[in-house]
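Pulled from TrEMBL:
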- A:20-39: transmembrane segment (TRANSMEM)
- A:59-173: domain 'ABC3 transporter permease C-terminal' (DOMAIN)
- A:59-80: transmembrane segment (TRANSMEM)
- A:100-131: transmembrane segment (TRANSMEM)
- A:151-174: transmembrane segment (TRANSMEM)
- A:195-214: transmembrane segment (TRANSMEM)
- A:226-249: transmembrane segment (TRANSMEM)
- A:278-299: transmembrane segment (TRANSMEM)
- A:510-532: transmembrane segment (TRANSMEM)
- A:566-589: transmembrane segment (TRANSMEM)
- A:595-617: transmembrane segment (TRANSMEM)
Amino acid sequence: MSFRQFAFNNIRRNTSAYIAYFLSSSFAVMAFFTYLLFIHHPDIAKAPLGKMASVGMEVASYLTFIFSFLFVLYSISAFLRVRLKEFGILTILGAQRKQLNWLIFLENMIIGTLSVVTGILGGLIFAKLFLLFGENVLELKNLPMYVPVKAIWITIAAFMALFFIMSSMTSFFVRQSKALEMLQGSSKPKKEPKASIWLALLSVVTLSSSVFLLQGKLSEESLLCALLLDLIGLYFFFTQLSVVIIRILKKNRRTYWRGINLLWISELAYKVKDNARMFFMITMVTTMACTSASIVLALKQQAEAMYKDNPFAFTVYSEDQKKPVFTEKIEQTLKNEGITYKKFPIKTMFLNVKELKDQSVNMVRQSEYEGMARSLSLPVIPLQDHETLLIQPTVTKKQLPVDLTHLSFTGKERPELTIKKMYNRTLIGSITLAVVNDHTYDHIAKTYRNKISQDYYYLIPSWNNKKVPTSNSTELKISAELENWNPSVENGLILARGSQYQMTQQGANVVIFVGLFIVAIFSVFIASFLYFKLFSDLQQDKRYYHGLSKIGLSLKEMKRTATNQIALLFYIPIFFAGIQTLVGISILGDAYNTGTLTVGLTAIGIFVAIQTVYFFIVRARYLAQLKNVMV
Amino acid sequence: MGMLEIQKLSKIYNGKVSTRALNNIDLSIEQGEFVGIMGASGSGKTTLLNMVSTIDTPSSGKILINNQNPHQMKKNQLAQFRRRQLGFVFQDFNLLDTLTIAENIVLPLTLEKKSLREMDQKLKAVAEKLGIVEILNKRTYEVSGGQRQRAAIARATIHSPVLLLADEPTGALDSKSSRNVMEMMEKINQTDGTTTMLVTHDPLAASYCHRVVFIKDGELYNEIHRGQNRQEFFQEIIDMLSFLGGNAHELSAVRV
């Protein structure tokens, strides 16, 4: 038997030990490959997704590779730890360190090569499914299957390099140098986890000051500072504070010394301390994924609301009245298409209000407002001098103070207006409108001549905005044409509500697609990490439960103890990620008006659901193994 | 009727070559008796112990503990039976590294969800009896082998079992600790009247018993009773072992 044959036979005859490592490596390859297959699709390259989308996809492919790298790294070290005893026996038989490393290198390269092959094959099998999914989410035309030569080459090169580097670094993983230590492997009793009370306190202090910072006024610096404090706090929470908390929990003997609590709470300190870094990583990534998912979905919802609430299909801002190029273009286009429209010229005056700290109003003329009001059947009231009608847009979350009765303006004349009536309606943009009679308007306009802008609003009755437009509707086609039209004029621009909506939708779709992909990969990786963790301790756990079984631990109690332990591994990080996401959303959510909270909860809910599926699979497999040792 | 009744017990391990590990064993142990089982490696003494401790099932024959047949019970019922009626002492202690000595000792009681007061009371009593009060808050890896085995005996007896089963309790101990552990088991047998069955290689450990039963190739071979003098009994055991086949040196070489 040559050395190479020995390595081959090791793998062939001990499939069960290698299978988890092999499968998870294959999965990492498959995920990366499918992703490449998608972004290098010839039709995607031509698709009008814009620069942002392609950059996003590029970034996602690096992220996927980094995850795969960490994942394979972790898998190898877990896998080698299980086999420490075997290496010990080989050392006793006289194998040199060099030979041992060569053996590990060979085995890893064999498994690596196999998993690259299976990963690519698996990726090709699922490719069509993935393309279908992509074309649905991104609302693209049919994506045909193709021969992904480029994707295959990149995958092979990247992962073979990865496995080669990993396999050459094995001496880094197998640190024990004495044969005895290897033989004992992981069966030596572990020391009780220690925690520094000062670092635990630091965790409390940093976490609470992070929360405190977020309560106050938010700026970019304070947000960044809070994030940093949160990171430090969370890290020491898992490595130090958790151990302290468990120690306090153990002091309460009334619950601790009761039934199986004694068994699993005592194990908990070890498991949490062992997995602290992993918990930290999972919590951070899950938080990021859930928070960004909720923000993106909120953006999508907001874009939808904006579209539905905006009665005007086109708006022309700051038209130069001597050369009205934009209005002419719109009217020309609409006429060519045979679409009837109503045009409302409005002179808006953008003013800062003393009573409102961070808000401004657009002041409009009563006569111009009434023109609009009649077409849209809005309330019309008579206004005396220095009286105003306030219209609060529904798309903004900023509320006017309840006791607001007057508006006054900065400037030398300081005219003061009495509010006669107020109602909510999105009319022109997301700024509050103040309607005044023509006389008052002209009077104020004398002072603020430079704040006036001539805008035009186009109402197109045949375009229904109660539903969101489909990608092939006339509105979106004309909107895209008009918005992309770019005359060489200094002032003015056209805003089409359809294009605004479509742009946000597409951007959000790309983010969601990429995000979903990363979350899916990450959650599978997490589950596999935990799986490895559990199964590398399996021999030890088997001995543990075998002994307990002899002194009368029943099968039911074993199941409950083990379930508690596995559940804690799976749900501790998600629990903290959930809390952090909720905090994050409640702060960032202020910037958007529609239900970010519901979206955030849904995002966490989906994540929890996926993890729960994994939890039941892993639990079933683990219990099946332990059941054998129960007498 | 004895406390433990073994009637016509046989065990056959089926495999490519089926092995008859035990053949037609009849044994009766009275309430309060301290019985040792001896025999060479492979003689079947551990099989016998496993059967009595309900970990293994007999191929034929019957075992009655306190007039109950544990092999007719369901799995969960059986676990409960072991927990309440039996106490186990193992060669490798079987203490949990994650628990302190005190927590290890009260484990059978916590599984039964006994009150804290009862647990504290019993823990104190048993720890004093076995002389391990000062190590109660230590971890298993912080104390010596002898202390660990005494803690294991404490765990095995804290719930006052009707039958204490010991599998080579001195197998991993030096001679001084062995003596100490055996004295503790003798003490518990005398003061609490706990019926004890001990499986051992070690003639010194066996010399603490009232009666030693010898097994050879799966069958009962002989038994000897202890008189007044333990030293004399020890000599008798050695003689018996050499008569059984090997020599004294070979058979008692289990000490580390």
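Each Cβ is built from the backbone N, Cα and C atoms, and glycine gets one as well.
Note that this is a predicted model, so its numbers are computed, not measured.
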Ranked first among A:20-39, A:151-174, A:278-299 for CB pairs under 8 angstroms with the transmembrane segment (A:59-80): A:20-39
Contact between the transmembrane segment (A:595-617) and the transmembrane segment (A:20-39) (at least 3 Cβ pairs under 8 Å, separation 6+): no
Helix-strand-coil residue split for the domain 'ABC3 transporter permease C-terminal' (A:59-173), DSSP-based: 98 helix, 0 strand, 17 coil
Closest-packing stretch to the transmembrane segment (A:566-589), where packing means Cβ pairs under 8 Å, from A:151-174, A:195-214, A:226-249, A:278-299, A:510-532: A:278-299
Same-chain residues near the transmembrane segment (A:226-249), Cβ under 8 Å, at least 6 residues beyond its ends: 193-197, 199-200, 202-207, 209-211, 213-214, 255-256, 265, 268-269, 272-273, 276-277, 279-280, 283-284, 576, 580
Distant-in-sequence neighbours of the transmembrane segment (A:20-39), which means Cβ under 8 A and at least six residues beyond its ends: 54, 57-58, 60-61, 64-65, 67-68, 71-72, 75-76, 78-79, 111-112, 114-116, 118-120, 122-123, 126-127, 130-131, 134, 148, 150-152, 154-155, 158-159, 163, 517, 520-521, 524-525, 528, 531-532, 535
Confidence summary (mean pLDDT) of the domain 'ABC3 transporter permease C-terminal' (A:59-173): 83
Segment-segment contact (the transmembrane segment (A:151-174); the transmembrane segment (A:100-131)) at 3 or more Cβ pairs under 8 Å: yes
